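Peer 1: What TrEMBL shows for this protein is this:
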DOMAIN    6-428  domain 'Major facilitator superfamily (MFS) profile'
TRANSMEM  6-25  transmembrane segment
TRANSMEM  75-94  transmembrane segment
TRANSMEM  100-121  transmembrane segment
TRANSMEM  133-157  transmembrane segment
TRANSMEM  163-183  transmembrane segment
TRANSMEM  246-269  transmembrane segment
TRANSMEM  281-302  transmembrane segment
TRANSMEM  314-333  transmembrane segment
TRANSMEM  339-357  transmembrane segment
TRANSMEM  364-383  transmembrane segment
TRANSMEM  403-426  transmembrane segment
Amino acid sequence: PPDGGWGWMIVAGCFLVTICTRAVTRCISIFFVEFQAYFGQDYARTAWIHSIVDCATMLCAPLGSLISNHVSCQVGIMLGGLLASTGLILSSFAASLEHLYLSLGVLTGLGFALCYSPAIAMVGKYFNKRKALAYGIAMSGSGIGTFILAPVVQLLIEQFSWRGALLILGGFVLNLCVCGALMRPISLKEDCKTAPEFLEQNNVPETEKQDLKRMSICSPLIKLWPHECLCYCSWKEYDFLLMPGFMVLAVSILFMAYGCSPLFVYLVPYALSVGVSHHQAAFLMSILGVIDIIGNITFGWLTDRRCLKKHRYFCYLFAVGMDGLCCLFLPVLQSFPLLVPFSFTFGYFDGAYVTLIPVMTADVVGTSLLSSALGVVYFLHAIPYLVSPPVAGWLVDTTGSYTASFLLCGFSMIFSSALLCFARLAKKIKRTHLRSLTGNTALKQHIWTNGAIAYSVTAELDQRDVEFLAVDTNSFSNR
């Protein structure tokens, strides 16, 4: 990766994408009270609007990665911008909640999905040494967008009603087409893989074979690839799903996504329920957004430093755990002066772990598979994003307070952090045990003389353990 040059334009494009997708999605919560009053529905039914937007965005993330890999990242993002804008414009004419479920929920969410994961994956392709900083700047668009759009959307609702505000947002989201135009493709050495078995076992003309060798494993020029080779490529694209490290990360993301989603839906209604004014409640979202920016950039910069680079994993765990603790304390904060520190703390650590999600994913699966892996990672957000706000709304309707909803969110995020922590500790204990075993000379002799045993010992280990055994047996051979 060039670690600069046009890469900074890619960062700028991704920054605008996060404003037009994640910030706009967060600001839909400001419409919550308006929708509830206009359509006369309860918390649970109204919350489905925000849930469907988030769910569709994450559920269709693999589709965005597929279009980016096989057609073009530029085409995918431009198409997504058109769909998202159309959904917001159609929502301004809604006559029922069901209409909003389809237009604002499904159509807009689908458009956001085609834009979000491909734009984030492009940043990972252009940066290596400064990857966390680049992601921090790019992902800060969510916080900056929330800080700016939250009061602006509130003002638009007051001046033009919720219908006019949605119409204006529809025009604003068309800027995604401009972002898509910035996403210039790049070819990396690790992308230049072919299907060797296919090339060896099939009678492919020599000229076409050379073309195949020069193409990446998921080339957009799919017309040159026969059906069998395409099947091979599709399998290679998602073989990371069987990696133990990715499986643990996937399960933890399910709990993390469940915990973080309801707060952005119910922070404004909760603030209004404890006597905070409409402008102060919108200002809380603005505070959360601007501190989110600081969390994005500072955590990205810090985790790129040599002293913390190898500890990114635990930085991510710490950030998720702190957000969980914030949710646990939220029910006792019942005034504007107390809610302000909450917005500061939650916003900072939310920005921190959001920045590290693509970095951790790249560390697990590698840069060449990052686009597909991010599609799966964001896909895993879909079900929690779909069910958690309505479940939280049902708890509010049933109990008459927000306490149960916020406690459930907090414990879910803490469990997500604890799961990853235990997995890392178990892996470390296993590696330590292996190293103690390989310190025995007899075992060295046994491994060196019996290749089958060596394979059975290293089959369940990661690459670093395999390298350790290789170095150790080589030194034994030299002696």
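Quick reminder: no glycine exception, Cβ is built from N, Cα and C everywhere.
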Peer 1: Between the stretches 75-94, 100-121, 281-302, 403-426, which wins on the count of C-beta pairs under 8 angstroms to the transmembrane segment (314-333)?
Peer 2: 403-426
Peer 1: Do you know the mean pLDDT across the domain 'Major facilitator superfamily (MFS) profile' (6-428)?
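Peer 2: A mean pLDDT of 80 is what the model gives the domain 'Major facilitator superfamily (MFS) profile' (6-428).
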Peer 1: Is the number of Cβ-Cβ pairs under 8 Å between the transmembrane segment (133-157) and the transmembrane segment (364-383) three or more, considering only pairs separated by 6 or more positions?
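Peer 2: These two stretches do not touch.
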Peer 1: By a Cβ-Cβ criterion of under 8 Å, what residues six or more beyond either terminus of the transmembrane segment (403-426) are in contact with it?
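Peer 2: Here the qualifying positions are 248-249, 251-256, 258-260, 262-263, 266, 313-314, 316-318, 320-321, 323-328, 330-331, 388, 391-393, 395-396.
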Peer 1: By Cβ distance under 8 Å, which residues at least 6 away from the ends of the transmembrane segment (6-25) in the same chain are close to it?
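Peer 2: Distant Cβ neighbours of the transmembrane segment (6-25) are 50, 53-54, 57, 77, 81, 84, 112, 115-116, 119-120, 122-123, 126-127, 134, 137-146, 148-149, 169, 172-173, 175-176, 178-180, 182-184, 289.
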Peer 1: Taking a Cβ cut-off under 8 Å, which residues six or more beyond the ends of the transmembrane segment (100-121) line up next to it in the same chain?
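Peer 2: Answer is 13-14, 17-18, 20-22, 25, 28, 35, 48-49, 51-61, 63-65, 67-68, 73, 76-77, 79-88, 90-91, 94, 135, 138-139, 166, 173, 176, 179-180, 183, 358, 370-371, 374-375, 378.
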Peer 1: By a Cβ-Cβ criterion of under 8 Å, what residues six or more beyond either terminus of the transmembrane segment (163-183) are in contact with it?
Peer 2: 9-10, 12-14, 16-17, 20-21, 24, 27, 31, 73-78, 80-82, 84-89, 91-94, 104, 111, 115, 118-119, 122, 153, 156-157
